[in-house]
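Below is one structure, written out as structure tokens, with a few remarks after it.
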Amino acid sequence: MKKFSVVIAGGGSTFTPGIVLMLLANQDRFPLRSLKFYDNDGARQETIAEACKVILKEQAPEIEFSYTTDPQAAFTDVDFVMAHIRVGKYPMREQDEKIPLRHGVLGQETCGPGGIAYGMRSIGGVLELVDYMEKYSPNAWMLNYSNPAAIVAEATRRLRPNAKILNICDMPIGIEGRMAQIVGLKDRKQMRVRYYGLNHFGWWTSIEDLDGNDLMPKLREYVAKYGYVPPSNDPHTEASWNDTFAKAKDVQALDPQTMPNTYLKYYLFPDYVVAHSNPERTRANEVMDHREKNVFSACRAIIAAGKSTAGDLEIDEHASYIVDLATAIAFNTQERMLLIVPNNGAIHNFDADAMVEIPCLVGHNGPEPLTVGDIPHFQKGLMSQAGGSGKTGGRCLGTALLPQAVAGDYPVENRAERLGGESDPQRPHCRQQRLLA
């Protein structure tokens with residue numbers, strides 16, 4: 001079986017160890033010959049990479065491993081680029097969330113004013129990675145996890161239309177995992193689903209088990225009472241996520257025949273979100289105080305002890321999706337997966353050039369979108385409004401601001417002032433910090 005070379009663009013991310021563990025757990029179906037990390041924050045990446053080096057030495061010493069801040073070294077001779085970047089790191093996300101909330105407006109990572117600001121920063125960083133890949137490994141595929149996916153997907157479609165990049169999101173996967181728990185199945189792969197929408201903005205219209213039994217009635221009944229909070233809810237789930245999963249019951253009530261993506265909460269109940277948000281402590285603070293500290297603490301313990309058992313790093317189940325995608329392309333498996341792709345008529349009564357999230361069959365040549373057909377007026381109207389925002393953001397930021405975005409020179413001060421906040425040149429938010437987090 002052929003072995004592959006992968007670079008993780010975002011080597012300093014707290015998600016990287018989980019992706020590495022998932023890759024190692026799937027060597028039987030997606031074997032690696034080489035694994036590289038790339039990040040422009042060398043110090044941060046070093047901590048994650050040195051811990052992963054210990055893990056790789058224990059579990060798969062035959063895999064060639066390296067980490068670098070040099071694009072040529074990172075992107076040369078690779079088959080896949082797995083990208084998950086956060087331009088500006090979590091301190092900038094904190095501003096994306098808190099500045100709007102100070103003015104009574106929804107403050108969230110991927111939607112509202114903060115989402116637009118994040119999109120403004122992300123486009124240049126993602127395009128930079130695409131260009132590195134096409135320069136040094138023109139036959140490689142980029143599997144991009146970077147948010148905000150709707151704006152990034154629109155920008156890459158317009159500005160790099162021939163690039164071999166697939167924009168993906170693990171939110172539906174996480175929700176499907178909870179659905180599987182609710183109906184008593186082992187995992188989401190024991191379900192067949194039909195889904196359509198935009199990124200973070202979609203609906204399940206059919207969910208069956210592998211024997212063809214309709215699971216929708218049981219799910220509707222449960223979600224109407226408890227949302228997506230499963231019977232055995234993880235006690236480590238942060239408060240903001242618990243609220244999001246519970247609020248799904250109110251979102252689902254707006255169209256009881258479907259099952260909603262949890263992110264619809266931010267679009268359909270913005271006043272509720274603002275009223276239940278703390279402008280002084282947002283999701284970014286939860287991440288910095290929880291996952292950031294835990295992962296880096298575990299990595300330092302592993303490095304100090306020289307053995308993986310010294311730190312508690314967990315396999316990232318959501319990362320299974322990126323392994324599934326790479327495997328489908330590498331071995332032409334024609335696996336059915338949810339991807340963000342140009343509509344091109346898949347949804348008959350929706351804009352042909354819209355970037356939609358729908359089921360696709362994936363093989364050597366990438367995704368082949370499956371026909372969805374006509375969608376109801378309710379969903380179409382909502383998608384047209386939300387899609388117009390993402391499309392406009394992707395177009396405007398990717399064209400009017402393209403020279404600055406790609407060069408990374410768009411003034412942070414202007415961004416903060418235009419959102420009604422205060423700029424502070426002492427804050428570590430400069431363009432050089434395209435940390436992949």
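The backbone N, Cα and C atoms fix where each Cβ goes, and this holds for glycine too.
Please treat TrEMBL annotations as automatic predictions, because they have not gone through curation.
In TrEMBL, the substrate site is described by Arg93, Arg283, and among Asn40, Asn144, Asn147 the residue recorded at this site is Asn147. Looking at the stretches 372-393, 416-437, the one that TrEMBL records under the feature region 'Disordered' is 416-437. Annotation for Glu109 (site 'Increases basicity of active site Tyr'): spatial neighbours Arg93, Asp96, Glu97, Gly115, Tyr118, Asn147, Pro148, Arg283, Ala284, criterion Cβ-Cβ under 8 Å with sequence separation of six or more. Arg93 (substrate binding site) falls within a helix when secondary structure is assigned with DSSP. On the backbone, the CA of Asp170 (active site, proton donor) and the CA of Tyr263 (active site, proton acceptor) stand 12 Å apart.
Of all the Cβ atoms in the protein chains shown, 26 others lie within 10 Å of the Cβ of Cys169 (Mn(2+) binding site).
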